[in-house]
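Asker: Questions regarding the structure given below will be posed in turn.
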Amino acid sequence: MGSIEEDIPLIEQGLISQEVKLYAEDGSVDIHGNPPLKEKTGNWKACPFILGNECCERLAYYGIAGNLITYLTTKLHQGNVAAATNVTTWQGTCYLTPLIGAVLADAYWGRYWTIAVFSGIYFIGMSALTLSASVPALKPAECIDGFCPSATPAQYAMFFGGLYLIALGTGGIKPCVSSFGADQFDDTDSRERVRKASFFNWFYFSINIGALVSSSLLVWIQENRGWGLGFGIPTVFMGLAIVSFFFGTPLYRFQKPGGSPITRISQVVVASFRKSTVKVPEDATLLYETQDKNSAIAGSRKIEHTDDCQYLDKAAVISEEESKSGDFSNSWRLCTVTQVEELKILIRMFPIWASGIVFSAVYAQMSTMFVQQGRAMDCKIGSFQLPPAALGTFDTASVIVWVPLYDRFIVPLARRFTGVDKGFTEVQRMGIGLFVSVLCMAAAAVVEIIRLHVAQELGLVESGAPVPISVLWQIPQYFILGAAEVFYFIGQLEFFYDQSPDAMRSLCSALALLTNALGNYLSSLILTLVTYFTTRNGAQGWISDNLNSGHLDYFFWLLAGLSLVNMAVYFFSAAKYKQKKAS
């Protein structure tokens, strides 16, 4: 990845030449706490270590997540609904814990040390999971003549303890790595700013290189060479992720933590409430702001005043008492315009943020219902038995194809029509992803309709035997989902970094990841509700252990309908969104 800067012309072509600056001017520092030299730090020279870390860490994560439902059903002997619920609940937790890491990074430790500490927790969790699948006393008993004994409490504790340590570890890493990588590009330098846009594409590309190995080689090892080895290899790669990250330390640029974002938000709410009777002046320049070049928040530029949510502006109104005393130090009574605007930005982001919940519920089907659908089909390719979870390879391959295609061809083409240097704005890019996600669920529903029709014709409804339709029929839905990811998830990464307040970037990245958590929880909720309402009065239900007697196609159509409604709400919200303006 070291030659990316030379290999990717991107949208750097045609930029107006500017005076070369020796030091980064975005408030970052080098390892010694000094202003970083552009020639020796940051930019693409620092990124290979970050991308290598992300690639190995995601290989480790997907080495567990990609085929987890199979382990739960075949080794822990859980039913389809229970296993799918456990998977989505765990995956949801993996995207909920980033709030912990984000607050620590933005307020106290900085992104570098947060990544370092939580990587250690992650590695311990991976090791525990490997032991639970390797040590005889910790492994669940095998089925004997159709009888499958339940795992012991100790076995459950070891397995799920390791699993949720991984969830905590990834929580400290995920909101920080993409932001830490973007920190390597100076926001005040137009050339580096457009390279940063390209970084997000290649960051997601690295994620999917790791996922490709996991969804193909590791899935096969898990089902054919044992789960101990299948979990052990991801553990080794997690160790490599840590090594890669520390190797790049001398080249990194570091942003200083700006203090607790939650405290600053609370101060604005409290101060505006205390001054609820105060009138906001029509002249925004009369609102309180520091006279210094930089804002009062460490690591943050000043943010220009906006006219929305004017009630919050009361927090920045200088009262008569404060004017007489000249004491502006109590932030619970008086906040700067920049501090007020931080909260306004979060409020404006909310509708855009909410769109990711339904999208993530669709994405969650790749590791749950898509796998179960595949298990009910013919998985033989010649003499080779293809694990259904390995079909996730086609989603990953789709991303690997779409990222360079988007970066090198779609961006220059789109720029001619949109006039946007990046081809599409982040908001436009995410909207395209939402539309493609509707097509994905429609494709999955059509495949299931065909599968159920063949099962009916061949009399396989009662037996529940796999239907003699090749599992490769699932490829289109995986490929379409990969295209949706490239547009939505990468656009989301860039949106929440660029539009977030400077001192809240880890938090906003965590909020973006939170949509994955809520999407997984939403998927679990929908599964639970669908099971409840469709199994009343002794009915088989849409999603039974025997999928041939169910209607998984109805479930996919339900998600397609929800996605369509979600897309309509998003387009309405995106049309009214106001971009952040920083000094």
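Including glycine, each Cβ sits where the backbone N, Cα and C put it.
Pulled from TrEMBL, these are the listed features:
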type: TRANSMEM; residues: 112-131; note: transmembrane segment
type: TRANSMEM; residues: 199-221; note: transmembrane segment
type: TRANSMEM; residues: 227-247; note: transmembrane segment
type: TRANSMEM; residues: 345-366; note: transmembrane segment
type: TRANSMEM; residues: 386-406; note: transmembrane segment
type: TRANSMEM; residues: 432-455; note: transmembrane segment
type: TRANSMEM; residues: 475-497; note: transmembrane segment
type: TRANSMEM; residues: 509-534; note: transmembrane segment
type: TRANSMEM; residues: 554-573; note: transmembrane segment
Asker: Can we call the transmembrane segment (112-131) and the transmembrane segment (475-497) in contact, meaning three or more C-beta pairs below 8 angstroms at a sequence separation of 6+?
Answerer: no
Asker: Given a Cβ distance threshold of under 8 angstroms, which distant residues of the chain, six or more beyond its ends, lie next to the transmembrane segment (475-497)?
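Answerer: Distant Cβ neighbours of the transmembrane segment (475-497) are 178-179, 182, 197, 200-201, 203-204, 349, 352-353, 356, 359, 362-363, 366, 370, 391-392, 394-399, 401-403, 406, 424, 426-430, 432-434, 436-437, 439-441, 443-444, 447, 505, 508-509, 511-512, 515.
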Asker: Check the transmembrane segment (199-221) against each of 227-247, 345-366, 386-406, 432-455 and return whichever range has the most CB pairs under 8 Å.
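Answerer: Per the Cβ under 8 Å count, 386-406.
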Asker: For the transmembrane segment (554-573) and the transmembrane segment (227-247), decide whether they are in contact, meaning at least 3 CB pairs lie under 8 A, counting pairs 6 or more apart in sequence.
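Answerer: Contact between the transmembrane segment (227-247) and the transmembrane segment (554-573): absent, because fewer than 3 Cβ pairs are under 8 Å.
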Asker: Take the C-beta pairs under 8 A between the transmembrane segment (345-366) and each of 227-247, 432-455, 509-534. Which stretch has the highest count?
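Answerer: Answer is 509-534, with the largest number of Cβ pairs below 8 Å.
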